[in-house]
Amino acid sequence: MCGILAVLGIADNPLGKRPRIIELSRRLRHRGPDWSGLHHHQNCYLAHERLAIVDPASGDQPLFNEDKTIVVTVNGEIYNHKELRERLKSHEFRTGSDCEVIAHLYEEYGEEFVNMLDGMFSFVLLDTRDNSFIAARDAIGITPLYIGWGLDGSIWFASEMKALSDDCERFMSFLPGHIYSSKLGGLRRWYNPPWFAEQIPSAPYEPLVLRKAFEKAVVKRLMTDVPFGVLLSGGLDSSLVASVASRYLADSEAAQWGSQLHTFCIGLKGSPDLKAAKEVADYLGTRHHEFHFTVQEGIDALAEVIYHIETYDVTTIRASTPMFLMSRKIRALGLKWLFLVKAPTKFLVVICIFTRHLIKRSFTRKHVERCSAIKALHLYDCLRANKSTSAWGVEARVPFLDKEFINVAMAIDPEWKMIRHDLGRIEKWILRNAFDDEQNPYLPKHILYRQKEQFSDGVGYSWIDGLKDHANQQVTDAMLANASFVYPENTPTTKEGYYYRTIFERFFPKNAARLTVPGGPSVACSTAKAVEWDAAWSKNLDPSGRAALGVHVAAYDEAKAPAFNGPSKKE
């Protein structure tokens with residue numbers, strides 16, 4: 001991940017703004033510590049803080065077309081850049097950067113090229129021939145982007161809120177899958193997949209099609225000129241990524257860094273993830289790195305975590321803190337990016353879990369809710385995954401949010417996605433079954449069918465309990481009782497939520513900042529939002545995977561979850 005900042009249409013003394021632009025861009029340097037770039041044209045500035053992953057030697061930004069009339073600052077990775085270069089043979093490329101294709105695509109096709117990009121990206125492009133510009137964000141919002149407006153009529157774009165919050169009168173999160181055009185005015189959607197219309201899908205479940213789509217999503221992300229690793233929790237998602245990456249490593253660009261995959265796990269001593277991850281790493285033969293942290297170390301880091309992730313959402317902060325600590329360790333080992341799949345929401349909503357008691361007429365409402373949840377990922381899981389790792393100059397790549405894979409998964413008839421213990425179908429059954437290969441197994445059976453833990457649970461259950469205890473010591477009953485007067489917008493309802501809100505407000509006191517965090521319950525699975533989806537979860541509203549009553553067989557003791565005895569051979 002890199003950091004980008006663009007200020008366009010400065011009214012007064014644009015040249016005098018250069019020191020301020022440099023100062024603000026420096027606030028993003030944790031995202032890109034390898035080099036800084038700044039381009040000034042008339043009343044416009046494009047700044048870039050680079051994390052060098054592809055073409056580290058010559059790929060500094062901003063990037064240009066042949067005559068430097070088109071300038072672009074980009075955060076992200078374009079996985080199909082080689083194929084796109086083949087379509088641009090009449091153009092002369094200056095670097096090996098995957099992002100340079102954006103300048104040439106614009107020159108060739110105009111503004112309607114964004115849907116040709118396969119990757120994760122946020123960019124701002126300036127056409128100096130008429131001083132027009134566009135900005136765009138990837139389909140799901142894996143990379144962060146904010147848009148703001150200055151009192152002088154200027155328009156601002158930045159990877160993180162902290163780079164524009166002081167100078168903009170109003171700012172907001174830039175919508176995923178959208179493009180802003182100064183010529184046409186305003187935002188318009190460029191990403192319109194089949195599932196976006198929220199119609200009930202009817203495609204048959206084909207295990208090999210799903211498997212191939214996921215393998216392709218992992219393999220295309222092995223594009224690198226620097227060392228990398230995999231975050232391995234021992235759960236299904238991360239274990240499959242590690243397994244697929246191990247299989248295809250030797251034939252990928254990443255092979256230059258050795259044939260043995262590096263895997264990483266973090267947790268409190270004795271946590272579920274540490275044990276499970278080591279078992280998977282031993283099976284796959286990876287070079288495994290295990291990190292420990294204490295509850296107090298996590299609590300000590302909370303203020304810094306909230307500053308970097310720019311939210312006061314409880315679930316997001318809980319899960320971001322261990323990831324933030326681990327990313328610092330990973331960077332210290334010399335790695336710049338990793339596969340990241342441990343997120344509480346993404347796969348639940350992509351694969352669409354339906355509990356067994358749902359009847360057919362409920363599918364429409366449930367499918368619409370899952371589609372809506374995918375559309376909100378940029379506010380929760382994507383935000384956390386990106387910002388908690390980029391705080392230490394580490395890039396997170398998320399194959400489960402690959403456009404093609406999502407299209408395949410979302411097209412499957414929801415009936416195949418129902419949790420059916422009588423048929424041996426637990427959550428994510430369609431993915432588990434797709435990789436259940438007897439002849440050439442990806443994972444041992446007991447790992448393939450291991451049930452999920454949220455990241456904040458898997459690192460150790462006492463982590464959440466410790467956070468609650470600490471918040472209870474910091475926030476009095478009277479403070480919480482008066483919360484609606486102190487924080488009338490998105491009023492916190494727990495002491496933990498109140499505590500995080502006070503930290504957030506110290507860093508980001510403007511009303512525009514607090515409105516970038518969505519109100520109401522999180523869309524993360526097993527949270528209060530999930531209660532609307534499944535009444536069986538209503539007994540415990542804590543945003544923790546342990547509270548997924550009737551879904552996770554290892555839920556709280558009072559939960560009477562049905563036992564699971566392995567996959568059924570039926571159907």
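Using the three backbone atoms N, Cα and C, a Cβ is placed for every residue, glycine included.
Sequence-distant contacts (6 or more apart, same chain, Cβ under 8 Å) of Cys2 (active site, for GATase activity) comprise Arg31, Gly32, His48, Glu49, Arg50, Leu51, Gln61, Val74, Asn75, Gly76, Ser159. As annotated by TrEMBL, active site, for GATase activity applies to Cys2.
Within the same chain, the residues at least 6 positions away from Asp98 (L-glutamine binding site) whose Cβ sits under 8 Å from its Cβ are Val54, Asp55, Glu77, Ile78, Tyr79, His81, Gly119, Met223, listed in sequence order. Residues annotated as L-glutamine binding site in TrEMBL: Asp98.
Feature annotation from TrEMBL assigns ATP binding site to Leu231, Ile266. Every protein chain considered, the tally of other Cβ atoms within 10 Å of the Cβ of Leu231 (ATP binding site) stands at 27.
Among the features that TrEMBL reports, domain 'Glutamine amidotransferase type-2' is placed at 2-185.
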At a 10 Å cut-off from the C-beta of Ile266 (ATP binding site), count the other C-beta atoms across all protein chains.
28
Grab the pLDDT values for the domain 'Glutamine amidotransferase type-2' (2-185) and give me their mean, rounded.
96
